[in-house]
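Quick look at what TrEMBL annotates:
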BINDING   THR30, HIS62, ARG116, ALA136, SER176  L-threonine binding site
BINDING   ARG53, THR112, SER138, SER146, ARG189, TYR224  ATP binding site
DOMAIN    8-193  domain 'YrdC-like'
Amino acid sequence: MKTEYLDKGSINRAAELLSAGELVALPTETVYGLAADACNRAAVAATFQAKGRPADHPLIVHLSSVEEMAFWAASVPQEAWALANRFWPGPLTLLLRKGKRVPDVITGGRDTVALRLPAHPMFLLVLKRLGRAVTAPSANLHKRLSPTSAGDVQRELDGRIGAVLDGGDCALGLESTILDLTGSPRILRPGPVSAMEIEACLGETVIQPLEHSVAVAGNMREHYRPQAPVWLVPAGALNAVVGQVESERFGVLHMPGNRPPTGRCIEMPPAAQDFGALLYRQMRNMDESGCEAILVEEPPADAAWSAIHDRLHRAALSVATEARVINEALQLQAVKAG
């Protein structure tokens, strides 16, 4: 299969391919999504094969209007309407009881469906031309870094999908917040829309469990991983750990004013939103430059950084307070490769 490259003038072509059952990577404000016609069971099923994603791992349905919720959900609680009117189009996914017309291939056989209305204008134009909703998990191989540019998608899924529509770099760079509304509101995946913002809209407390067993996008322990192994390093230990790493090819993502003396160092922005927008891109850059390991200085612990902490803890093998843990892993990696 030859993967077509589509520029911003190719909205009609993207819709045409989707209508024909092809998979098309589309830009969103969060990350690039691998779109399939949500009413075409075979196309949706092909998404799992292209990504290497387990078939029981539910997909998010992307809508073109708030009103479409009523088609996909069995019933829409008042809280969902309020949140959709406040945050859509935008990076908030709502988990609701699914309607009878929702095929099991989308939901992994579960009785819930995840819905979102994305904010990227090109994505919305494609939906308008198509006239139907699409499923759209991140356009990458399962458990790998989500793509934030068309080039990321091409390098990872070339030959596996029909086309990629180039909408430039994603503004937010992190996946949407997932909010469960099947009971008391609870966040199942932290993201750009914060618990505080949701609480302000609903006028009630939002539950934020550190862990949960609900099957939703991005809830696997190992996720968002580059090719090189990642370790989180506490800020106070960064220089000591970096100074003892036994490798000439390792990268370090560090906070401003704390640059280590060795390693391929990249200073990350001090603000959470800016940090999130660059996180996957800089990890990919380190992969492409041949880094054997990536060390990330732990960012601040306040609520604004919750989505970033979630992604980093899933990407990382562990938190390293001493270089020995990293060196032993690299030695084992070298033995396996040799």
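Here the Cβ of each residue, glycine as well, is placed from N, Cα and C on the backbone.
All TrEMBL annotations are machine predictions without curation.
Owing to the predicted nature of the structure, the values given are computational and were not obtained by experimental measurement.
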Rounded to the nearest angstrom, how far is the Cα of SER176 (L-threonine binding site) from the Cα of ARG189 (ATP binding site)?
8
What's the number of neighbouring CB atoms sitting within 10 A of the CB on SER176 (L-threonine binding site)?
29
With an 8 Å cut-off on Cβ distance to the THR30, HIS62, ARG116, ALA136, SER176 Cβ center, who else from the chain surrounds the L-threonine site?
THR28, GLY33, ILE60, PRO91, THR93, PRO118, GLU175
Shortest C-alpha distance to SER146 (ATP binding site) - which of the binding-site residues THR30, HIS62, ARG116, SER176:
THR30
Pairwise CA distance, TYR224 (ATP binding site) versus ARG116 (L-threonine binding site), rounded so that it is a whole Å:
20
For the domain 'YrdC-like' (8-193), report the average pLDDT of the model, please.
97
Counting Cβ neighbours within 10 Å across all chains shown, tell me which of the binding-site residues ARG53, ARG116, ARG189 comes out on top.
ARG116
Among ARG53, THR112, SER138, these being the binding-site residues, pick the one whose CA is nearest to that of HIS62 (L-threonine binding site).
SER138
Residue pair SER138 (ATP binding site), THR30 (L-threonine binding site) - Cα distance, angstrom, rounded:
9
Out of THR30, SER138, SER146, which of these binding-site residues shows the lowest number of other CB atoms within 10 Å of its CB?
SER146
Closest to ARG53 (ATP binding site): which of the binding-site residues THR30, ARG116, ALA136, SER176, going by Cα position?
ALA136
Reduced to three states, what secondary structure does DSSP give SER176 (L-threonine binding site)?
coil
Looking only at Cβ atoms, how many others are within 10 Å of the one on HIS62 (L-threonine binding site)?
25
Work out how many Å separate ALA136 (L-threonine binding site) and THR112 (ATP binding site) at their Cα atoms, rounded off.
16
